[in-house]
Amino acid sequence: MFTLSKNSYLSTTLLVSLLVLAISLLSTTSSSLPHRLSLLARQFLPIRSISTSPTMSYAKELRVAELAVQRATLLTKRVFHEKAKGTLSKDDASPVTIGDFGAQALIIQAIRKNFPQDEIVGEEEAATLRENRELSSKIWTLVKEARLSDATAEEELGGPIPSEEDMLSAIDAGNSAGGAKGRIWALDPIDGTKGFLRGGQYAVCLALMVDGDVKVGVLGCPNLPVDDSASLDAHSGENQTDAEGKGVLLGAVQGQGATSRPLGIGALGKSQPIHMKEVSSIADATFCESVEAAHSSHSDQSQIAQELGITKPSVRMDSQAKYGSIARGAGDLYLRLPVRKDYQEKIWDHAAGDLIVREAGGEVTDAQGKRLDFGKGRTLRNNKGVVAAPRGVHAQVLEAVKSVLGSK
Ligand SMILES: Nc1ncnc2c1ncn2[C@@H]1O[C@H](COP(=O)(O)OS(=O)(=O)O)[C@@H](OP(=O)(O)O)[C@H]1O
Ligand SMILES: [Mg+2]
Ligand SMILES: [Mg+2]
Ligand SMILES: [Mg+2]
């Protein structure tokens, strides 16, 4: 029988590969050499198939994240319609409501049931609820009643939280310090709490990071329209509703693209791929920014827009609904330039949106052009500002950002 040693097997494989490469290059006459090289490289280096191989598909993570976010929005939607939202002011003077606490408990319960080894960086903690039992019991009533209408989906999430004490313990399990090692979820149970309170946009945000790299991102936006291309103007002010035709669930897995689907209340609706809009002339771009002038510099952003020749007024919108809106082509740019030099952006305010925009064909960097670094703990301490744009125009936008900031 003919046998080969390991070394001679490798040299033979190499020789055959080179031969195939040479023959392919010589035999194809219809396209340019660089094009032929890139086609061949794709055959020999199937980069996409590496990240989508069965062991790296993150299919279960995406499904659990989508269902968990969907279930949490059942609770936030209820609170959205209530007059008394149990609002407290946190140490940094920012608001938190019974909706934020309840959504965090429900999502963490699902993660712990499905991925017990994973860590979680969640925005909220239960300390004040342990002292304020009246508020805690209000949240418990909401949490007990938040169930998906589809029993199988509810089962997949691991079922309900058994007791009020377990609910508090789930909220506190979002206390990971974060970092660049292992599997860590970043959770913002209600992003844009101020928007939520004033009847604007808000989002329930969940992302999985592996070794500091965002692999899965999900945004539940109850007040955004299902239609990906619907104009933003009608959806940016106050007095938003989650009435029929509203509510979208956006998701992405690294290397697999981004999708949208109706948010719904039970089994997940059909998903469709989303893409950023191609911007042929930057002057016609629509740019999104925060509502709160304290969260991003409206004046810097307006100068950057001017520098780019943009004349349309900005679309002011709370929460990561901004990332979601540009990812689905309803808007084009998202600018978030710092107001306070000492403020460090929180990873839960950006992780899901960053991946969804990049998977939809965009680029997300800070104001210096660096990728957002999610492996540095609970905050983005290596970054200042956010510049998100379609890949084709990001460099041009960044140049304008640098020019405006440089001249200050
Ligand atoms: N000073 C400062 N600078 C930048 N960002 C800050 C600042 N203070 C708070 N935050 C965070 O802003 C999150 C909401 O961001 P938005 O873009 O939705 O702001 S806005 O509501 O549209 O004004 C908000 O997220 P939530 O707390 O989840 O609502 C905060 O984490
Ligand atoms: Mg907050
Ligand atoms: Mg937030
Ligand atoms: Mg929040």
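Note that Cβ sites are derived from N, Cα and C of the backbone, with glycine treated the same way.
Together with Asp188, Ile190, Asp191, Asp349, TrEMBL lists one candidate of Glu123, Glu124, Glu125 for binding Mg(2+), that being Glu123.
Of all the Cβ atoms in the protein chains shown, 31 others lie within 10 Å of the Cβ of Ile190 (Mg(2+) binding site).
Secondary structure at Asp188 (Mg(2+) binding site), as computed by DSSP, is strand. Summary of the Mg(2+) site environment: with the site residues Glu123, Asp188, Ile190, Asp191, Asp349 set aside, the chain residues having Cβ atoms within 8 Å of the Cβ mean position are Asp100, Leu187, Pro189, Gly192, Thr193, Ala203, Cys205, Ser319, Gln320, Lys346, Trp348. Sorting the binding-site residues Glu123, Asp188, Asp349 by the number of other Cβ atoms within 10 Å puts Asp188 first. Under 8 Å, Cβ to Cβ, and six or more positions away along its own chain, Asp191 (Mg(2+) binding site) finds Tyr202, Ala203, Val204, Cys205, Asp318, Ser319, Gln320, Trp348, Asp349.
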